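Just below is one structure, and these are the notes that go with it.
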Amino acid sequence: MKEVDIIKLSQEIRHLSKENNAVILAHYYQDSEIQDIADFIGDSLELSRKAATTTASIIVFCGVYFMAEVAKIINPTKKVLLPDLKAGCSLADSCDAKSFKKFRELHKDCVSITYINSSAEVKAYSDIICTSSSAEKIIRQIPEDKQILFAPDKFLGGFLEKKTNRKMILWPGTCMVHESFSERELIDMMVRHDKAYVLAHPECPDNLLRHSHFIGSTTQLLKFSAERPNSEFIILTEEGIIHQMKKLSPGSTFYVVNTLDGGCASCNKCPHMRLNTLEKLCLCLKNGYPEVTLDTEISNMAKKSLDAMFKMT
C-alpha cells in the first residue's frame, strides 16, 4: 500500500474510533501499519488486562479470534469487533473442545492449566488460564501433590516442565510459526553473526531453545532487546515484534531465521494474524461488524478460569 493511502486510512480510522468511542487493541504480531494506529499494543496478558479495564463502548481487537473472545468474555455487555473473523490460530485449532473435554474426564483429579491460545469452549473446561509470561508463576502456586494437565502447546509445556521441575501431562498442540524455524539456519546465522543474542519464544521446539540466550514472552523479548542498545539479535518468534524492537532500539540490528523447508523469512509471519488489514479495520469501525458473539453459559464458565489467572498474577 502506498504511503499516502496508509496516511489517509489511518486518519479515517482515528476519526471513526473517536466517533464510536472505540478502543483499538493490537497484538505485537500485527502488521506495522496496524500497530502504529492502535491505542494499545501488547502481548496476550497485557491485552487481556487492557480489555478488562477499558471504558470504551466498543473494543476493536486486531489479533486472532481467541483474543477477541477473551475481550468479549471479560466484557460481555460491550461490542467486540474483529476486522476478519477468519483470523484463527493453528495452536488453538489443535485442541478442539470435544476432545479436550474427554481428555479432562480421563484426568479428573488434575488441575487443568490452559494456555490463552485456546478457544472459549476449551477455556470453559479449564481450571486456570495462563499466558507465556504468567505460566511459570501460576504453576509454582499449584501444590506439589496435584498433577497438572497443560494444554494446548507441548513445547511451551516442555519448557515450563524444565523451568519449574514439574512433570505435567501435556496436550500435543503446536504453533505453526514457532515450530517452523530451521535449526540449521539458526546455527548458520549464529556463525555469521557471532555477537548476536538469540531471543526465542517458548512456543519454539527444544532444539531451538537450547541455542537461545534468552527465552520469554513477546513483551519479555522486547524488554531484553531494549535494555541492550546497539546490539545484534536473532529473533525466534513471529517477526511482527521486530517493528517495536526497532522503535525502542533504533541502533540495533535484527535477524529473522528461515523456515525448515528453506523458504523465505517472510514465512515466519503468522498468516492468521495478517488477515487483519487497515482496510478491514476501517470497514469494521464504519459498519460495526464483524462482531464476536459467544454462548452465555460458555462465556461464564470461561470467565471463571480467566479470573483465576488474574487472581494468581
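Using N, Cα and C of the backbone, Cβ positions are placed for all residues, glycine too.
The iminosuccinate binding site annotation in Swiss-Prot covers HIS27, SER44, TYR115, ILE116, ASN117, SER132, HIS201, PRO202, GLU203, THR218 and is backed by sequence analysis. Summarising the annotation, Swiss-Prot assigns [4Fe-4S] cluster binding site to CYS89, CYS175, CYS270.
On a Cα basis, TYR115 (iminosuccinate binding site) lies 13 Å away from CYS89 ([4Fe-4S] cluster binding site). Within the same chain, residues at least six positions away from ASN117 (iminosuccinate binding site) with a Cβ under 8 Å of its Cβ are SER44, PHE66, CYS89, LEU91, ALA92, PRO152, ASP153, CYS175. If you draw a 10 Å sphere around the CB of CYS175 ([4Fe-4S] cluster binding site), it holds 24 other CB atoms from the protein chains shown. In the three-state DSSP assignment, the secondary structure recorded for TYR115 (iminosuccinate binding site) is strand. Note: HIS27 (iminosuccinate binding site) has non-local neighbours ILE41, GLY42, ASP43, SER44, LEU47, CYS62, GLY63, VAL64, MET67, GLY240, MET273, i.e. same-chain residues 6+ apart with C-beta under 8 A of its own C-beta.
Rounded to a whole number, the C-alpha distance linking GLU203 (iminosuccinate binding site) with CYS270 ([4Fe-4S] cluster binding site) is 13 angstrom.
Look at CYS270 ([4Fe-4S] cluster binding site): DSSP puts it in coil. A Cα-Cα distance of 18 Å separates CYS270 ([4Fe-4S] cluster binding site) from TYR115 (iminosuccinate binding site).
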